[in-house]
Amino acid sequence: MFLRLWIAVLVIYPTNQAVIALTFSNYILQPLFPTCFPPEKGLSLLAAVCLLLLTWVNCASVRWATRVQDIFTAGKLLALVLIIIMGVVQICKGEYYWLEPVNAFEPFQKYDVGQIALAFLQGSFAYGGWNFLNYVTEELVDPYVNLPRAIFISIPLVTFVYVFANIAYVTAMSPQELLASNAVAVTFGEKLLGVMSWIMPISVALSTFGGVNGSLFTSSRLFFAGAREGHLPSLLAMIHVKRCTPIPALLFTCLSTLVMLCTSDMYTLINYVGFINYLFYGVTVAGQIVLRIKQPDIHRPIKISLVWPVIYLLFWAFLLIFSLYSEPLVCGTGLAIMLTGVPVYFLGVYWDNKPQCFNTFVGMSAICITGVMVLLPSPRTQGHYAIVFCYCKHKYI
């Protein structure tokens, strides 16, 4: 559990947010550089501005953050629906050369199992938000009803929309053009929309802007929960008294993402985070099967057939084994970073009797950074403390 949280803090969520923010900046800047790729420094700078703005929104108000998410998710769906409609029109015109089985499965290079696994790894990144809602169950109304309902609705909807959007792309673009384009939707719009092609970069930029907001919202709650359980510094378990937002956790995830923006190579970032993500997804799903066998009678508010975890684990084994074979350096580096959490666990979590100076430093840091905050009671201490820090002339009140 701690290693998953540790790697999420260091790699998974900062990388995920960096990729989405870079995609946002790429679609904003691509129309300004029609004959070449946008400069890397410009991409990183605009991505950082996007990240800082959304961090401020999430710190200011939960309501503002959810409104931003609702509005930009609607914008994303409208953009994708527009792409799908244009694809249907193309098919009706007979423009489906690359959808014919003979052409669709034409190999452009020798088949390689490792490359196929990496293709699945990169393709699955677009569907990576399927588990984000689990991190905000404390803020859901009737989660045992609404959580499964949201998952049952969202996953088929996202799968349908993304698959048909990609079908629409290949009605107007060859696989070579898809690979050569740094902003596929922009190229697609230029081919089919003419003077209205500006709609595509704006629509995708709005979509990714909302994606950064959603990732910030959920990842900060994960860090907040980990700190409340004693697995991260207590500073990250503090929330603003009036705004009820986890400001330290939001600032931390913002800073860690800014570090990741030092590189603008999105494919490397996706490979990096994908392998580690799936490693822990498989361990979690395997744990579900073990618990079902060892403790069959415990209360389970949400229960599914074991057929689905078994199918997932078979796919998971294929993905990880051949990804490690194809990209041993990237995957091995991820494993090495994960293992750095072992000494951190023993020093930071297992060691209970920490010096008082350490706790004082954390408290003073919280005051300097966040102003007025409250540290929620931790289940590990059976609610015996609820420390309230108030900032007033640099003194404890």
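Positions of Cβ are set from backbone N, Cα and C atoms, glycine also.
Beyond the transmembrane segment (45-65), the same-chain residues lying 6 or more positions past its ends with a Cβ under 8 Å from any Cβ of the stretch are 17-18, 21-22, 24-25, 28-29, 139, 209, 212-213, 216-217, 220, 240, 243-245, 247, 250-251, 254, 257-258, 261. Look at TrEMBL and you will find 45-65 (among others) tagged as transmembrane segment.
Tertiary proximity for the transmembrane segment (77-96) is limited to same-chain residues at least six positions away from its ends with a CB under 8 Å from its CB atoms, namely 161-162, 164-165, 167-169, 171-172, 185, 188, 192-193, 199-200, 203-204, 206-207. The transmembrane segment annotation in TrEMBL covers 77-96 (among others).
Per TrEMBL, transmembrane segment is recorded for 116-137 (among others).
Here TrEMBL flags 149-172 (among others) as transmembrane segment. Tertiary proximity for the transmembrane segment (149-172) is limited to same-chain residues at least six positions away from its ends with a CB under 8 Å from its CB atoms, namely 77, 80-81, 83-84, 86-88, 90-91, 95-96, 98-99, 104, 126-127, 129-130, 133, 178, 184, 188, 191-192.
As annotated by TrEMBL, transmembrane segment applies to 192-212 (among others). Residues 17, 20-21, 23-24, 27-28, 30-31, 50-51, 54, 68-69, 71-73, 75-76, 78-80, 82-83, 86, 90, 129, 172, 183, 185-186 of the same chain sit 6 or more residues outside the transmembrane segment (192-212) yet have a Cβ under 8 Å from a Cβ within it.
What TrEMBL records for 247-269 (among others) is transmembrane segment.
For 275-293 (among others), the entry in TrEMBL reads transmembrane segment.
As annotated by TrEMBL, transmembrane segment applies to 305-326 (among others).
According to TrEMBL, the transmembrane segment annotation covers 332-351 (among others). Among residues of the same chain six or more beyond the transmembrane segment (332-351), those with a C-beta under 8 A of the stretch's C-beta atoms are 2-3, 6-7, 10-11, 230-231, 233, 272, 275-276, 279, 324.
Look at TrEMBL and you will find 358-376 (among others) tagged as transmembrane segment.
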Other than its close neighbours in sequence, what residues sit by the transmembrane segment (305-326), given a CB gap under 8 Å and a spacing of at least six beyond its ends?
112-118, 120-121, 271, 274-275, 278-279, 281-282, 285-286, 288-289, 292, 332
